[in-house]
Amino acid sequence: MVNDVSPSDEPETTDADGPEPAAAFAVLGSETRLRILRELWESDDRPLGFSTLRARVGMRDPGQFAYHLNRLVGPYVTKSDDGYDIRMAGVNVVWAVVSGELTPGAESKTFPATGDCEDCGGPLRARYEDELFYVECADCGRGYSMAPFPPSGFVDRTEQEVLVAFDRRSRPIYEQVVHDVCPRCAGHGTVSLVDDDADRRAGEPDPSQYEALAVRFRCDVCGLWASERVDVLLTHNDRVAAFHRDNGVDLEEVPIWLRPRRVDANAELRATRPLSFRVRYTAGAATLELVADETLAIDADSMVESGDG
């Protein structure tokens, strides 16, 4: 048990329910509090006593230090008889700081990417702007991929290594979405059909508008979204991926933005309320047919495989 906290220096206990989100964010408006969080995050011997933590942060005045620490207890720091420890919310703050996500004005970059444009044959390029990573045609501008990417992803990497890092970081996004898990907050999501015209109109869209049959997953909690052709998205399901692999189509050997070119499929919209899809994949001499619902869950009883396998 740690006994190095005197009654005059010890922070008061924070309400168990924690502050409202706006108040929790306001708490972070202090360099001292960010140093406290970073020190707790970096310390392997947590929890830390009050005096130990104050010494490591380098603040002489115990009263001032107690004031700042008290503001963190609850939303970002836990307090026990053994001392102070960092909560996951505090870890997320530190991660955002060290990754550069909270540093405005990250340098914009463009460099060549693997592949060429299906529309015009031009070369693909990577473009990095406002912490978003794009893969697009350098000539006509057609987009092939876009996802958040922190500035830390460029540290000590060549351009080719950055492309690999972006590819590997992007794959789990779709792997989680296809199982109705938000990649950012783990919440449930809603799947809708993608159609720019229909998105601007009220009411249920005509299913015949969706020749490409692309869908958008939008998290019901945090609003994060991801969109892709439904047949391509479902290849991130383990059983669909295994079908391709077992029949000589390795979807992992190409970057995520070229994956659609490796998928030979015919997708149709079975119903719109609720959404239901039928997809038929071909890999070599084998075929796989399946039905997926409005959450992109595949009906196991609907899966029919034929041909070589």
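Glycine is treated like the rest: Cβ placed from N, Cα and C.
Predicted, not measured: the structure shown is a model, and the values here were computed from it.
What TrEMBL says about this one:
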- 7-18: compositional bias 'Acidic residues' (COMPBIAS)
- 21-97: domain 'DUF7347' (DOMAIN)
- 115-297: domain 'DUF7351' (DOMAIN)
- 1-21: region 'Disordered' (REGION)
Self-check item: Counts of helix, strand and coil residues, the domain 'DUF7347' (21-97), according to DSSP
Solution: 47 helix, 10 strand, 20 coil
Quiz item: Tell me, what is the mean pLDDT of the domain 'DUF7351' (115-297)?
Solution: 88
